[in-house]
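Everything on this sheet refers to the single structure shown next.
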Amino acid sequence: MQTNSSLSEATGSACDPLTRAQILIEALPYIQQYQGRVIVIKYGGAAMVHQERRAEVLRDIVFLACVGIRPVLVHGGGPEINSWLQKLDIPFKFVDGLRVTDAATMEVVEMVLVGKVNKQIVQLISLAGGSAVGLCGRDGNLIKARSQGRAEIGFVGEVSSINPQLLQTLLEGGQIPVISSVAADETGQAYNINADTVAGELAASLGAEKLILLTDTPGILKDPQDRSSLITLLDIETARQLIQAGVVKGGMIPKVQCCIRALAQGVRAAHILDGGSPHSLLLELLTDAGVGTKLVPSQFSAQLEGLNNGSR
């Protein structure tokens, strides 16, 4: 099976057989802990843009499914949308990090995310030996949207409600749901919703073990210019303090807020990590040290994580 290469690649080709065996043993308790649990993964950034990384990340997701973990994949597709808007000579701009989405732009967004990017991901999962079903919020009334109420950004929406039953049925059948962040309101009007937001709300609705945001940075950094200043573990209150202090800023703010909201609704842990780093998903989930930032609900949870030998 093609997924056999995922963990061996993550361990490094130069490792001797004994070292590889030790790494597999290190992964075992995590595999046992997460078996049968839902993990919602937001897939975007460099992990989607670069062909090699894209195939690698999806192969790692198939690996997780093969060992009994239940991944749900939510994807963006900003660069692909930009490319098609340029091809169609449709100007685009952003306000507060949100794509201004008029009727023409919304049509392209839905075409690209639902009809192109989503199906490409499903196909790549199939090629990696997995079985996936592509969906958007419209399908099976999975996600209902509503307007954000800001005329200047057009058809940019937020999640109104979620019907998790469809996803639960797919997961029980061994499928990997692949979800694009397009949904409609009660009148059928389509909305473009931030994929991080969709992932967080789905994680809460499904009672997920984890929410994972694959980004273009290693996680939350004390110094954005220093990748070695990674904060590996923090709780909701500390995360809020970092936002107020300006340590968390720019595009990282909505990602951290998304994690905070998911944790407040019962998700056990949220992770922010670099999706462009080789096998970061496996290393974050299945090793003691991890490679990104882990957020937990409370200081007590953080202390407990520390006592558990840095458990991810």
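From the backbone N, Cα and C atoms, a Cβ is placed for every residue, glycine too.
The substrate binding site feature in Swiss-Prot is assigned to GLY77, GLY78, ARG99, ASN192; the stated evidence is sequence analysis. The number of other Cβ atoms within 10 Å of the Cβ belonging to ASN192 (substrate binding site), over all protein chains shown, comes to 25.
Under DSSP, LYS42 (site 'Transition state stabilizer') is assigned to a strand (E or B) in the three-state scheme. Applying an 8 A CB threshold to same-chain residues 6+ apart, the list for LYS42 (site 'Transition state stabilizer') reads VAL74, HIS75, GLY76, ALA195, ASP196, VAL198, ALA199, LEU211, ILE212, LEU213, LEU214. Taken from Swiss-Prot, the feature site 'Transition state stabilizer' covers LYS42 (among others), and the record attributes it to sequence analysis.
In the structure as shown, the Cβ atom of LYS255 (site 'Transition state stabilizer') sits within 10 Å of 24 other Cβ atoms. Summarising the annotation, Swiss-Prot assigns site 'Transition state stabilizer' to LYS255 (among others) and lists sequence analysis as the type of evidence.
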- Query: Taking every protein chain shown into account, which of the binding-site residues GLY77, GLY78 has the largest tally of Cβ atoms within 10 Å of its Cβ?
  - Reply: GLY77
- Message: According to DSSP, collapsed to three classes, what secondary structure does ARG99 (substrate binding site) have?
- Response: strand
- Task: With H, G and I counted as helix, E and B as strand and the rest as coil, say where DSSP puts GLY78 (substrate binding site).
- Result: helix
- Query: Can you count the other CB atoms that lie within 10 A of the CB of ARG99 (substrate binding site)?
  - Reply: 21
- Same-chain, non-site residues whose Cβ lies within 8 A of the GLY77, GLY78, ARG99, ASN192 Cβ center for substrate are GLY76, ILE81, VAL109, LEU113, SER181, ALA195
